[in-house]
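**Q** Reproduced below are the annotations present in Swiss-Prot:
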type	residues	note
DISULFID	97-189	disulfide bond
CARBOHYD	5	N-linked glycosylation site
TOPO_DOM	1-25	topological domain 'Extracellular'
TOPO_DOM	47-54	topological domain 'Cytoplasmic'
TOPO_DOM	76-99	topological domain 'Extracellular'
TOPO_DOM	121-139	topological domain 'Cytoplasmic'
TOPO_DOM	161-197	topological domain 'Extracellular'
TOPO_DOM	219-238	topological domain 'Cytoplasmic'
TOPO_DOM	260-272	topological domain 'Extracellular'
TOPO_DOM	294-315	topological domain 'Cytoplasmic'
TRANSMEM	26-46	transmembrane segment
TRANSMEM	55-75	transmembrane segment
TRANSMEM	100-120	transmembrane segment
TRANSMEM	140-160	transmembrane segment
TRANSMEM	198-218	transmembrane segment
TRANSMEM	239-259	transmembrane segment
TRANSMEM	273-293	transmembrane segment
């Protein structure tokens, strides 16, 4: 898959949370509970959309696919992090490190692309309702979903290939809980490291900023159309279909901007690790909560699905 350059070292050591030895057991239990809740919440959303025929619409199809991407993203990161919290042996093979970076970036960017697609879906539903069935046909939805996954895979491949073509020398300790770009760049040596760092940074920022601007543009048109609705009840009903998606977008990009766009200055590695953990663990944890609480139709359907599952298991 990659022309990996590992002439200087064959494995890395994930330092992770070694600076917090007294907190590792507590962090393990906390992250394990959040991880299990993330999996169960997203699986419940998927089961509900699958079982309720009234939810077989593009909006809930995209939500279901978003849940898949969140499950895969957390699976790519959190199990390894949990294992390291209980272990003193935190080495990770070169190929395993590259694989973790590829999958985490692929599913992370797929998540961003799907949020953009969901924004477009809401724009079409509110601003062009008469053309909705044409623009959001099954074939069109499949194309949007396929492009999101393909785009995420391409981004993961581009970033991983660029980083692991570098030569790594000196220390093999990654000052992070996963194989991430900034700490790996600190271990790389060679004249091309600054160019690779700049290129990878620009590609990631342009992709994420492009998604964010498209979402903003969609909501600019949505708000403009909602304000034209004469009744307050109509405006509230129209906006309620967008509220959960908008909150998830704010949480997703809010945490990402705090972590990746914070000004460079004197700050501890421990602080960076905790902030990155917030993004990797807390964001997927909050997403199913927001969608299930803010979407009345989904909330009612989830209760019905959950109760029917309990009843069938009880009998």
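Each residue, glycine too, has its Cβ placed from N, Cα and C.
As the structure is a computational prediction, the values presented were derived from the model and not from experiment.
I'd like these features described in context: how deep, what's nearby, how far apart.
**A** Cβ neighbour count for residue 189 (disulfide bond): 12 (other Cβ atoms within 10 Å of its Cβ, all protein chains included).
Using a Cβ-Cβ cut-off under 8 Å and counting only residues 6 or more beyond its ends in the same chain, the topological domain 'Cytoplasmic' (47-54) has close neighbours at 60-61, 63-64, 297-298, 301-302, 304-305, 309.
Listed as Cβ neighbours of the topological domain 'Extracellular' (76-99) (distance under 8 Å, sequence separation of 6 or more from its ends, same chain) are residues 2, 4, 6, 9-18, 24-25, 27-28, 31-32, 35, 107, 160, 164, 174, 177-179, 277, 280-281.
Restricting the average to the topological domain 'Cytoplasmic' (121-139) gives a pLDDT of 93.
With DSSP states grouped into helix (H, G, I), strand (E, B) and coil, the topological domain 'Extracellular' (161-197) comes out at 16 helix, 6 strand, 15 coil.
Sequence-remote contacts of a segment are chain residues at least 6 beyond its ends whose Cβ falls under 8 Å from one of its Cβ atoms, and for the transmembrane segment (55-75) they are 35, 38-39, 42-43, 45-46, 48-49, 103-104, 107-108, 110-111, 114-115, 117-118, 121-122, 125, 136, 141, 144-145, 148, 152, 241, 280-281, 284, 287-288, 291, 297-298, 301.
Remote same-chain partners of the transmembrane segment (198-218), defined as residues 6 or more beyond its termini with a Cβ less than 8 Å from a stretch Cβ, comprise 109, 112-113, 115-116, 119-120, 122-123, 155, 158-159, 162-163, 181, 249, 253, 256.
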**Q** Inside 10 Å of the Cβ of residue 97 (disulfide bond), count up the other Cβ atoms and send me the figure.
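**A** I count 24 other Cβ atoms within 10 Å of it.
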**Q** Restricting to the same chain and to residues at least six past its boundaries, which positions have a Cβ under 8 Å from a Cβ of the transmembrane segment (100-120)?
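**A** Distant contacts of the transmembrane segment (100-120): 1, 59, 62-63, 65-66, 69-70, 72-73, 76-77, 80, 92, 144-145, 147-149, 151-153, 155-157, 159-160, 163-164, 178-181, 184, 207-208, 211, 214-215, 218-219, 245, 248-249, 252.
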**Q** So, taking each listed stretch (140-160, 239-259, 273-293) in turn and counting its Cβ pairs to the transmembrane segment (26-46) that are under 8 angstroms, which one gives the highest count?
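**A** Going through each listed stretch, the top one turns out to be 273-293.
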**Q** Tell me, please, if the transmembrane segment (239-259) and the transmembrane segment (273-293) are in contact, taking contact as 3+ Cβ pairs under 8 Å between residues separated by 6 or more positions?
**A** yes
